[in-house]
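See below for the structure under consideration.
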Amino acid sequence: MGQIVTFFQEVPHILEEVMNIVLMTLSILAILKGIYNVMTCGIIGLITFLFLCGRSCSSIYKDNYEFFSLDLDMSSLNATMPLSCSKNNSHHYIQVGNETGLELTLTNTSIINHKFCNLSDAHRRNLYDKALMSILTTFHLSIPDFNQYEAMSCDFNGGKISVQYNLSHSNYVDAGNHCGTIANGIMDVFRRMYWSTSLSVASDISGTQCIQTDYKYLIIQNTSWEDHCMFSRPSPMGFLSLLSQRTRNFYISRRLLGLFTWTLSDSEGNDMPGGYCLTRSMLIGLDLKCFGNTAIAKCNQAHDEEFCDMLRLFDFNKQAISKLRSEVQQSINLINKAVNALINDQLVMRNHLRDLMGIPYCNYSKFWYLNDTRTGRTSLPKCWLVTNGSYLNETQFSTEIEQEANNMFTDMLRKEYEKRQSTTPLGLVDLFVFSTSFYLISVFLHLIKIPTHRHIKGKPCPKPHRLNHMAICSCGFYKQPGLPTQWKR
């Protein structure tokens with residue numbers, strides 16, 4: 001009994017200690033909150049800006065996302081697919097293997113005097129390089145409704161390939177008058193393969209683009225491969241875009257079944273733990289760059305990014321070399337069948353049209369991405385657009401960079417939420433929901449002030465007596481019935 005009395009005597013001292021602890025805790029919280037408010041109110045950012053403005057630039061966006069870029073070296077792809085490039089607006093090249101290629105020249109000088117092309121005879125006598133000729137055949141078969149054979153001349157003396165197409169659209173009137181001719185079709189195919197300003201659209205008649213040029217001939221010849229490409233880097237995209245348009249009616253599915261599958265990693269990242277790495281042979285100025293499964297998984301979910309197309313091409317090239325050990329001709333035959341599983345031809349055509357319209361476009365050679373300095377995760381690289389032959393300045397697409405940073409932050413929050421949900425017991429979540437609901441209901445009940453007893457109007461509180469609706473109490477203290485009452489809390 002004495003212990004109980006002692007305990008109750010110490011209660012005021014205990015309460016004083018608790019109050020001291022509460023005051024100390026609240027003081028610490030207030031100081032921390034004040035420091036946070038000062039850090040986020042903008043004054044420190046303003047002071048930093050005023051101190052560094054005009055002296056230093058930063059590649060950090062949204063405080064945590066660092067801006068990087070990479071340049072792809074597509075010269076290694078020539079083992080399995082033709083690469084095209086331009087020396088200038090009139091001289092264009094296709095590289096096949098490491099030593100040979102085709103030169104496509106827009107010129108006003110004819111090199112073949114006759115007007116016929118006996119291709120079947122050359123094929124029967126095996127006069128030409130089959131790999132080169134298959135590329136030429138792809139170009140020729142892409143010309144719509146070719147039936148004017150006088151528009152084409154060829155010569156295969158001693159294995160030398162010489163093909164000459166006649167062009168006749170030097171001005172707006174000629175282009176309009178000959179819009180449906182073979183020459184217009186030749187120029188349209190050439191314009192789709194090489195993003196060149198030497199050919200321009202003069203008009204559009206019933207959906208057919210009428211193309212004009214100052215040149216009279218398109219000449220295709222085989223050539224030894226040198227360092228021709230000064231105007232543009234070697235790229236397979238032009239030739240592959242022709243292939244995809246020719247074959248899309250026959251290969252409807254975008255996934256090549258059988259020998260190769262083009263899933264870079266599955267949704268959980270089991271195929272390639274750590275993502276996908278670009279090696280020295282694929283990059284310019286870098287030895288190695290890896291992208292995690294978070295970025296690469298987006299390539300498997302959708303077929304709508306230029307960088308994903310390039311990864312598929314590099315992956316195709318690597319697997320073809322390691323598994324097939326094929327010669328050039330066999331590789332070209334394989335890429336003919338696989339093209340629709342590798343690239344999105346709609347993306348290629350969209351970028352081509354953007355170039356023709358003078359809008360910044362993607363040339364598939366340079367990409368930018370963001371790196372999260374906290375987690376080390378990277379975004380899926382996006383194409384660094386080109387206009388007037390040069391890459392855009394970083395400030396010209398800063399809005400897209402900010403949006404990508406926002407997307408990465410949102411994706412991080414979503415993943416953290418999913419992770420938290422997966423590690424939290426379901427019963428604990430139910431208990432939290434019940435306790436929160438109970439608390440909100442109790443607050444509501446407290447706010448509505450439910451009455452607890454009756455008063456006689458104009459009289460003081462009758463407690464501890466409990467009046468009934470007749471204003472009387474069974475103890476007899478209130479015994480005058482019929483007085484007006486009201487509920488009170």
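A Cβ is built for glycine as well, from the same backbone N, Cα and C atoms used for every other residue.
Residues annotated as Zn(2+) 1 binding site in Swiss-Prot, with sequence analysis given as evidence: CYS57, HIS465, CYS473, CYS475. Within 10 Å of the C-beta atom of CYS475 (Zn(2+) 1 binding site) sit 10 other C-beta atoms, taking all shown protein chains into account.
Swiss-Prot lists HIS453, HIS455, CYS461 with the feature Zn(2+) 2 binding site, giving sequence analysis as the kind of evidence. Counting every protein chain shown, 15 other Cβ atoms lie within 10 Å of the Cβ of HIS453 (Zn(2+) 2 binding site).
Marked as topological domain 'Extracellular' by Swiss-Prot on the basis of sequence analysis: 2-17 (among others).
Per Swiss-Prot, the feature topological domain 'Cytoplasmic' maps to 34-58 (among others); the stated evidence is sequence analysis.
Per Swiss-Prot, the feature topological domain 'Extracellular' maps to 59-430 (among others).
Here the topological domain 'Cytoplasmic' (452-489) has no Cβ contact under 8 Å with any residue of the same chain six or more residues outside its ends. Summarising the annotation, Swiss-Prot assigns topological domain 'Cytoplasmic' to 452-489 (among others) and lists sequence analysis as the type of evidence.
Same-chain residues lying 6 or more positions outside the transmembrane segment (18-33) and placing a CB less than 8 Å from one of its CB atoms do not occur. The annotation transmembrane segment is assigned in Swiss-Prot to 18-33 (among others).
Annotated transmembrane segment per Swiss-Prot: 431-451 (among others), in sequence order.
Annotated Zn(2+) 2 site HIS453, HIS455, CYS461; additional same-chain residues within 8 Å of its Cβ mean position, judged by their own Cβ, are ARG454, PRO462, LYS463, LEU467, LYS488. Remark: of the binding-site residues CYS461, CYS473, the most isolated position is CYS461 (fewest other Cβ atoms within 10 Å of its Cβ). When the binding-site residues HIS455, HIS465 are scored by other C-beta atoms within 10 Å, HIS455 scores highest. A straight line from the CA of CYS475 (Zn(2+) 1 binding site) to the CA of HIS453 (Zn(2+) 2 binding site) spans 16 Å. Each residue contributes its Cα atom, and for HIS453 (Zn(2+) 2 binding site) and CYS473 (Zn(2+) 1 binding site) those atoms are 12 Å apart.
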